[in-house]
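All remarks here apply to the structure that follows.
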Amino acid sequence: MDLPGPIHDFLLVFLGSGLILGGLGVVLLPNPIYSAFSLGLVLVCTSLFYILSNSHFVAAAQLLIYVGAINVLILFAVMFMNGSEYYKDFHLWTIGDGVTSMVCTSIFVSLITTIPDTSWYGIIWTTKSNQIIEQDLISNSQQIGIHLSTDFFLPFELISIILLVALIGAIAVARQ
């Protein structure tokens with residue numbers, strides 16, 4: 001989106017705080033249904049980030065696939081489980097939580113120290129001048145379709161097979 005600077009910055013901060021709060025909700029809430037709803041908030045905020053960066057197709061795919069299908073499937077699976085097993089012997093802080101928080105904190109600190117020192121200019125993709133003219137004539141969704149049917153044909157087919165196996169497994173579990 002082409003927004004003025006202060007509005008764009010406000011939306012970035014707002015969506016970033018939504019991502020952080022939703023992520024904390026996924027990890028820290030003891031009720032798995034609330035965690036699944038927090039995951040939905042994280043996925044919606046991620047798709048709004050895609051909209052802010054002018055990737056409308058990726059945002060629509062994020063909403064349809066992850067929020068509309070995966071998160072609903074997670075909620076469906078959680079609602080099939082017995083809810084009483086989550087509240088037995090609930091401790092506020094365990095040794096595993098401490099180890100996990102130490103690992104996550106060390107990864108966070110290493111990222112914070114590494115990211116400012118990285119030269120990002122060499123990572124930006126460069127294209128030839130004739131490719132820029134060709135890319136202007138084709139829309140983003142057409143480019144994605146061309147890449148999926150040519151360059152990424154094998155990974156696309158492997159993902160479809162994995163999703164088919166997951167669907168067959170879900171049907172088998174639902175029948176029992």
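Every residue, even glycine, has its Cβ placed from backbone N, Cα and C.
So that you can see what the record holds, here are the features copied from Swiss-Prot:
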- 10-30: transmembrane segment (TRANSMEM)
- 32-52: transmembrane segment (TRANSMEM)
- 61-81: transmembrane segment (TRANSMEM)
- 92-112: transmembrane segment (TRANSMEM)
- 152-172: transmembrane segment (TRANSMEM)
For the transmembrane segment (61-81), give me same-chain residues lying six or more residues beyond its boundaries with a C-beta closer than 8 angstroms to one of its C-beta atoms, as numbers and ranges. 32-33, 36-37, 39-40, 43-44, 46-47, 50, 170
Same-chain residues at least 6 beyond the ends of the transmembrane segment (92-112) whose Cβ lies under 8 Å from its Cβ atoms: none
Beyond the flanks of the transmembrane segment (152-172) by at least 6 residues, Cβ under 8 Å: 73
